[in-house]
Amino acid sequence: MNVLISNDDGYLSEGIAVLARVTAEFANVRVVAPERDRSGVSNSLTLERPLQLKQAQNGFYYVNGTPTDCIHIGQSVFSDFQADFVFSGINRGANMGDDTLYSGTVAAATEAYLMGMPAVAFSLNDASGRYWATAEQALWTLLAHFFKNPPQSPILWNINIPAVAPEDVRGIKIARLGRRHHGQNVIPARNPRGEQIYWIGPVGEVSDREEGTDFGECEAGFITVTPLQIDLTAYRDMAETAVFWHTD
């Protein structure tokens, strides 16, 4: 079995090293990741310039583009490697609730799913760097189960690992996406020349962390698995929309 691995934190991140190291115990691995941090780029493609693929000393490949670019290149340019599965991560920080719409980590998995492959995005609910041992232990548990009976059809799973000590992980729960309040979207400032500039502000506070949500269960110490879908059609609003537009 072949697994293509990517992320949005870049090929030098700790998370992708952990993911590649553990996955290599179960399958053949090829890493194709952005050359730098591309967090928050979602499913964007690089269309205004050509891309380059280079190989680092550790064997990882890197691209001067987005996570989505990396999936396309990883599946297109290697005659000796065609992926059966795509793993993305492990992201330094959670990707839960509305965050999944912006996440390059989730986007890499999404693109693979659109290409017909089973895909999984992994994130650690911590940005301090203190819980990589937890992430690695959780990954061993998750992948041992995954490869015992691998999915045969395309799936898209978003997995978040809690920020607790390894011995305090309480298990695995299937969870729905929670929600956030809108954050302070734009922060005005001045550059050293006195010119007006703007920063995109921090994310908002969690507004839905009820039991059964990814926020709630992960904060309670569980590894959360959320099955995602791509179809954005609001089927329950179809009839009402037809009435508004006076269609038959």
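From the backbone N, Cα and C atoms, a Cβ is placed for every residue, glycine too.
Ser39 is the only one of Ser39, Ser42, Ser76 that Swiss-Prot places in the divalent metal cation site (with Asp8, Asp9, Asn91). In sequence order, Asn7, Gly10, Ser13, Gly15, Asp37, Arg38, Pro67, Gly89, Arg92, Gly93, Ser103, Gly104, Thr105 are the same-chain residues whose CB sits within 8 A of the CB centroid of Asp8, Asp9, Ser39, Asn91, the residues recorded for divalent metal cation being left out.
Annotation for the binding-site residues Asp8, Asp9: lowest Cβ count within 10 Å of the residue's own Cβ, Asp9. In this structure, Asn91 (divalent metal cation binding site) is part of a beta strand by DSSP.
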